[in-house]
Amino acid sequence: MPVFARAPLAFERGEGCWLIAENGDRYLDFGSGVAVNALGHAHPHLVEALKTQAEAVWHVSNLYRIPGGERLAQRLCEASFADVVFFCNSGAEALEASIKLARKHFAHNGQPERYRLITFEGAFHGRTLATIAAGGQQKYIEGFGPKVDGFDQVPFGDLEAVKAAIGPETAGVLVEPLQGEGGVRAVPPATMRALRQICDDNDLLLVVDEVQTGVGRTGKLFAHEHSGVTPDVMALAKGIGGGFPLGACLATREAADGMTAGVHGSTFGGNPLAMAVGNAVLDVVLEPGFLENVSRMGLLLKQKLAGVVDSHPDLLADVRGEGLLTGLKCRVPNTEVAGALRDAKLLTVGAGDNVVRLIPPLIVTEAELDEAVSRLEAGLSKLEQRSAAE
Ligand SMILES: *Cc1c(COP(=O)(O)O)cnc(C)c1O
């Protein structure tokens, strides 16, 4: 179905931060398949883990124990606020599980009327019926029948609006600590702390969507760590599978108290192939020094991008982001900028608010950052020449 506006490009293979097209052209991948290829392409440790598991067993269903999943869940819990994990196959499914968990928590505790979540403008939570309602973007909701009930959207970062939106039916607050699709917009740490306080004061669950920001993308294992607060529930996907479809819903034991045998499920979720790759991703991301290096590369990239913004004030307005989730706010349509960069063989991803995202694999080197900047300069100069000629 033609639901994607695809670029006329196909890649044959990848190596680290590079993608090689059918004609042999080498593209520097600063899109990472939309923040998915956390360890780049064909990372030897991930390839080895997948091959080894493929030769053992692919799928057994959740009728049986899956030791790799038990291990991955335990490691995720040890590295986070969580006590329990549900595995699924995508971000939207991780959000569906989080939304259902929040509703079930209150139903389980005798308050079934509390099913509503407060969400924020600019949010993106996926493309299922519930997650388009949670995201609140009209262009995704229109034409798909009645909008799923249970989401109250307030302006981005507006704490007074959050307080005003709380009613007898409110179950929690759902927030991306840093909006990715929404335009690389970070919730200030003080606002995250205030949201935690509001949730505590009103017996609400704080649910964070870290599908894009999680697993090292912002220089911390999870982006909420920048604010020092812990959520009750967290959705993960994208980077946690390094390119293998994998999502997860993490929660405290208390928040997940309604999630008893039979109330939720998934056929594929947490299958042995996905669990092997998820564990292999964690092996690398949890290595001492890995996250520090992501922070360092993120800082360097931001500094270099600030220089690029300064030298192209007619095309670019500012640089934003945290760690290796960075964005350039454009003064011309972001699609034109991303197109010009693609012509210069630098892959990026558009975002809302007229932003172009630069989200390289977390293993990017300083030399690759410099190469990206020189391709950026080349692409932007071409764009300037083109507009001068018009
Ligand atoms: C990508 C994304 C999703 C949806 O993930 P899918 O795997 O496409 O379903 C949800 N939330 C955020 C923050 C995302 O970036």
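Counting starts with 1 at the first residue shown.
Placement of Cβ uses the backbone N, Cα and C atoms for every residue, glycine included.
Note that the structure is predicted; figures quoted are calculated from it, not measured.
According to DSSP, Ala92 (pyridoxal 5'-phosphate binding site) sits within a helical segment. Taken from TrEMBL, the feature pyridoxal 5'-phosphate binding site applies to Gly91, Ala92, Phe124, Asp209, Glu210, Val211, Gln212, Thr267.
Residues or ranges marked as N(2)-acetyl-L-ornithine binding site in TrEMBL: Arg127, Ser266. The number of other CB atoms found within 10 A of the CB of Arg127 (N(2)-acetyl-L-ornithine binding site), across every protein chain shown, is 14.
According to TrEMBL, the feature N6-(pyridoxal phosphate)lysine maps to Lys238. Around Lys238 (N6-(pyridoxal phosphate)lysine), the C-beta neighbours below 8 angstroms that are at least 6 residues distant in the chain are Val34, Ala35, Val36, Ala38, Gly91, Val211, Gln212, Gly214, Val215. Lys238 (N6-(pyridoxal phosphate)lysine) falls within a helix when secondary structure is assigned with DSSP.
Look at Asp209 (pyridoxal 5'-phosphate binding site): DSSP puts it in a strand. A Cβ distance below 6 Å to any atom of ligand 1 is met by none of the binding-site residues Glu210, Ser266, Thr267.
Between Glu210 (pyridoxal 5'-phosphate binding site) and Ser266 (N(2)-acetyl-L-ornithine binding site), the C-alpha separation comes to 20 Å. Cα of Arg127 (N(2)-acetyl-L-ornithine binding site) to Cα of Ala92 (pyridoxal 5'-phosphate binding site): a span of 6 Å.
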